[in-house]
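**Q** From TrEMBL, for reference:
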REPEAT    205-239  repeat 'PPR'
REPEAT    240-274  repeat 'PPR'
REPEAT    275-309  repeat 'PPR'
REPEAT    310-344  repeat 'PPR'
DOMAIN    316-466  domain 'PROP1-like PPR'
REPEAT    345-379  repeat 'PPR'
REPEAT    380-414  repeat 'PPR'
REPEAT    415-449  repeat 'PPR'
REPEAT    450-484  repeat 'PPR'
REPEAT    485-519  repeat 'PPR'
Amino acid sequence: MRRSALNFLASSPPPLQFTENLSLCEISLFLLQSTRSLRPYNNGVSQGPLLTPPQASHSNSSSCFCPNSRCLFTSSLPPPEWIEPFVDVSDLVVSPKNLEPSPWIDRILELLDDSLNMETNLDDYCRKFLIRLSPNFVAYVLRSTELRGKSEIAFRFFCWAGKQENYLHKLESYVSLIDFLSSVGDLERTKYLVTEFRDTNLVMTVSATNSLIKSFGILGMVEELLWIWRRMKESGIEPSLYTYNFLLDGLVNSMFIESAERVFEVMEDGKIRPDVVTYNILMKGYCKSGKTRKAIEKFRVMEGRNIDPDKITYLTLIQSCYSEGDFDSCLSLYHEMEEKGLEIPSHAYSLVIGGLCKDGKSVEGYAVFENMIRKGCKANVAIYTALIDSFAKSGNMEEAMKLFERMKYEGLEPDEVTYGVVVNAFCKTGNLEKAMEYLEFCRENGMAVNSVFYSSLIDGLGKAGRVDEAEKLFEEMVEKGCTRDSYCYNALIDALAKCGKIDEALNLFKRMEDEGIETVGDDDDKGITPTPASFRVLSTGLCLSGKVARACKILDELAPMGFIPDSAFEDMINVLCKAGRFEQACKLADGIVDRVVRYREKYVLF
């Protein structure tokens, strides 16, 4: 009776008798175990398992034996044997579900170590034990959990196995490896593999097509996605709901939204109807392409067809509404989730609270925050920071600092953004000493200080007339690797101009232009609304550099926006006079009355 390799090794009979009932693999595996367990001779007696010669009936064999070492020698070796992933116990086991993995599996997995000699080691091992890895064996190894996340090793093993004599990969091997590669975004190797796969004419299966459609969709391989869809149809495989959803997701990830819409329409008119996942995928596509209104329309259609939205549905819509600044819709969708008793993800809370805070609705944001805490969802640093900033900007510093302390009590470490918000709040309220304390605290504790942090301090110090300190911080920014933006420059230029340091203000403005920092005019071109303060800084710099006409031109362009600084011309004239440019100041004053009257008649009274 043929014995399995495992049973063969587990037994402890008298010295092994080689018979024709034993396979070459069983003999090889026994040799491997024997070699590891063989102990040195003691007075000529072996302390490990012994190999005894075959019976006399096999005396015509070409084998010969060395009686002293008890080793087997053959003048010629049989061809390598294909090994399968499971032990052959067909004569012992009735149910195939009880098949045991072959011991060769662990041996091969041990050799897949990603070393430079990995392929050579595999060759040597298989040559030593006269084995070849069958397509089933290779497919089993590629599906093993030990190779998960090791796409490089899996690819090398696949290529090595394919070079075996008389070997052809199975469908499962291609599918498993493509799944590996797509999960890590390895587009180049996947394309190489697909090129080889398309020439195989392997018969497709439902599970294989689903997996391949999913993998191609992740990588945005639309051509391959449609090719496998056609192959599926040609093979007579009817698409399932999963197949349609994988196809839709692939098209949406590749931004083929119109194609996704056509697939969705086919589903609506066919046997396989869309489910909540189908709708979620299509709505994700609309949101990614900036069609949030269309996504909400599809959301209402879904509800009308008695398909209940889930938390993914709402999170997708809330995220899109937040990105478009539609914070009221974020709040409405949040309330719907509450009414339906759906679990609200922490990210949804962040978006709703953040949106309300941006909208200046700190009290409403705090109410959502407390509701989140009651439901056992912990707040993160971003949520606390948004609330602190919102309360501070509304003038409620007491509540802002309570939240700051509460955050630290909850074990959350404030980050550079949080400290920047707190420092900005103290600067706006004139509490510069407290703001400087936080700067020193960050320095001593190795906390990164960003550009917003510095800009807030420079602005606050400048407004308080502490220009020298503001200038030191301005230069320190470069030393710390912080980028100086237009806000930072404007704050210091304004401070210098106000304290009469006109030449320094002029030099700084020129430096700002030389470094390509955006000015008010640049912001206006990008749709950014300027403030009276930013115009004052720009007009000061332009006047000091002799560009009075350009300053007036910018004022003309801003007037239609309803932006008319009452002291604009007065500031410009004062700057010119302080700089000793009286002639230009007089020329500018000659047309002030007519300009102001014209502006007010055209843009204010109308």
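The backbone N, Cα and C atoms fix where each Cβ goes, and this holds for glycine too.
Whatever TrEMBL says is automated annotation, not expert-curated.
Set these features in their place in the structure for me.
**A** Residues 171-172, 175, 178-179, 181-183, 185, 187, 190-191, 194, 198, 246-247, 249-251, 253-254, 256, 272 of the same chain lie 6+ residues outside the repeat 'PPR' (205-239) yet bring a C-beta within less than 8 angstroms of a C-beta in it.
Counting same-chain residues at least six beyond the ends of the repeat 'PPR' (240-274), those with a Cβ under 8 angstroms from any Cβ of the stretch are 206, 209-210, 213-214, 216-218, 220-222, 225, 229, 232, 281-282, 284-286, 288-289, 291, 307.
Long-range contacts of the repeat 'PPR' (275-309) within the same chain, counting only residues at least 6 positions beyond its ends with a Cβ under 8 Å from a Cβ of the stretch, are 241, 244-245, 248-249, 251-252, 255, 257, 260-261, 264, 267, 316-317, 319-321, 324, 326, 329, 340.
Within the same chain, residues 276, 279-280, 283-284, 287, 292, 295-296, 299, 302, 351-352, 354-356, 358-359, 364, 368, 372, 375, 377 sit at least 6 positions outside the repeat 'PPR' (310-344) and bring their C-beta atoms closer than 8 Å to a C-beta of that stretch.
Within the repeat 'PPR' (345-379), the DSSP-based counts of helix, strand and coil residues read 26 helix, 0 strand, 9 coil.
Beyond the ends of the repeat 'PPR' (380-414), by six or more residues, the same chain brings 346, 349-350, 353-354, 356-358, 360-362, 365-366, 369, 372, 421-422, 424-426, 428-429 to within a C-beta distance below 8 angstroms of the stretch.
Averaged across the repeat 'PPR' (415-449), the predicted model reaches a pLDDT of 89.
A Cβ distance under 8 Å defines the sequence-distant neighbours of the repeat 'PPR' (450-484), meaning residues of its chain 6+ beyond its ends; these are 416-417, 419-420, 423-424, 426-428, 430, 432, 435-436, 439, 442, 491-492, 494-496, 498-499, 501, 517.
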